[in-house]
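Inspection log for the structure reproduced underneath, given as structure tokens.
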Amino acid sequence: MANRIFGGLPPWSLGVGSMLSIQLSLSLSVGIIEIVGPAGLAWLRLVISSMLFLLIARPTLRWLRSIRRGDVLPVLGLGIATAVMMVGFMGAIERIPLGTAVAIEFLGPLTVAAVRSGGGRLLVWPILALGGVVLLTEPWVGATDPLGILYAACAGAGWGAYVLLTQKVGDRFGGISGLVLTIPIAAVVVTPFGLPQAMNGLTPMVLLGIAGLAVLAPTLPFILEMLALRRMTQTAFGTLMALEPAFGVLLGLIVLHQMPSWVQAIGVCIVVVAGAGAQLKGKRMPVEGTSSALPSSDIDEPLTGPIRLQ
């Protein structure tokens, strides 16, 4: 079904849709973090997303037995990276503005894009995006919560690892098979920290709201970005994510009333230019030799993995 709905769209539009969904979810998360805590919210979203993916894919024991020994470490690594990215960012937006947190976190995939660019002309786009991120962050203005910055930096490290590992896992598995494994792993990793926090303020209405957030992110973005990465290089994908701080500032303004300065507005324009420039040579051919998708999955073509969390 996902291929039928989204398959005809250009890959950049899938990435943009994913980022909008993520940033809307994050901006709506700020109030809920005050109730269940950052780790509690991350855990609940991962648990609910795990259930959604299992319901969609319905994995069989036969499929689970087909997983090779060499698949274990990449899948575990992706689950851990997802957990770090989720918890780190929830902790960051509790303490610093959404746009600032996204800008700092973006340095992770930006580094991936720069290191793997493979050519001087492509390298100019990550460098340009870095300049925009600096303007968005405004490190020269006032004192920012150092723990919030640390949380965002940890989320960025997780996101960088995530971009690398999702493409590797997606090249190995067809459809959403990789997500059926990695999201539950991330939920298990977060459980020791998230479960105690979540139990403090959880009510039926709060749980219903978190279920909606789990659909906005990570469920929908995972599907959109896996489809996008099937047709994009890691460099193009990583640089397209330069748009993430811009959407963070935009949704922070609309939902949280966090007004950006004129310097940050210039930074938004710069990262938009860098993201668009990355698309000039952003195609990626499908990789052959993936394992079979889950029997019930509609997304049955080889994917190169996404995405991102939050």
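Every residue, even glycine, has its Cβ placed from backbone N, Cα and C.
If you look up TrEMBL, you'll see 147-274 marked as domain 'EamA'. The average pLDDT for the domain 'EamA' (147-274) in the predicted structure is 86.
The region 'Disordered' annotation in TrEMBL covers 287-310.
Annotated transmembrane segment per TrEMBL: 42-61 (among others), in sequence order. Same-chain neighbours of the transmembrane segment (42-61): 36, 82-83, 86-87, 90, 175-177, 179-180, 183-184, 186-187, 190-191, 193-195, 197-198, 202, 207, 210-211, 213-215, 217-219, 222, 294-297, counting only residues six or more beyond its ends whose CB sits under 8 Å from a CB of the stretch.
A Cβ distance under 8 Å defines the sequence-distant neighbours of the transmembrane segment (73-90), meaning residues of its chain 6+ beyond its ends; these are 26, 29, 33, 38-39, 41-42, 45-46, 67, 101, 105, 151-159, 161-162, 165-166, 168-169, 172, 178, 181-190, 193-194, 218, 308-310. Annotation comment: TrEMBL describes 73-90 (among others) as transmembrane segment.
Taken from TrEMBL, the feature transmembrane segment covers 96-115 (among others).
According to TrEMBL, the feature transmembrane segment maps to 122-141 (among others).
Through the fold, the transmembrane segment (147-166) approaches residues 74, 77-78, 81-89, 91-92, 94-96, 100-101, 104-109, 111-112, 178, 225-226, 229, 234, 237-238, 241, 304-309 of its own chain, all at least 6 residues removed from its boundaries and within a Cβ separation under 8 Å. The annotation transmembrane segment is assigned in TrEMBL to 147-166 (among others).
Annotation comment: TrEMBL describes 173-195 (among others) as transmembrane segment.
Per TrEMBL, transmembrane segment is recorded for 201-224 (among others).
Non-local neighbours of the transmembrane segment (236-256) in the same chain are 12, 15-16, 19-20, 22-24, 26-28, 30, 97-99, 101-103, 105-106, 109-110, 112-113, 116, 125-126, 129, 132-133, 136, 163, 225, 228-229, 264, 267-268, 271-272, 274-275, 277-279, 281-284, 308; each lies 6+ residues outside the stretch with a CB under 8 Å from one of its CB atoms. The transmembrane segment feature in TrEMBL is assigned to 236-256 (among others).
The transmembrane segment annotation in TrEMBL covers 262-280 (among others).
Using DSSP to sort the residues of the domain 'EamA' (147-274) gives these counts of helix, strand and coil: 111 helix, 1 strand, 16 coil. Within the chain carrying the transmembrane segment (201-224), a Cβ under 8 angstroms from the stretch's Cβ atoms is held by residues 2, 6, 14-15, 17-19, 21-22, 24-26, 28-29, 32, 35-37, 40-41, 44-46, 48-49, 52-53, 82, 86, 176, 179, 183, 299, 306-310, all 6 or more beyond its ends.
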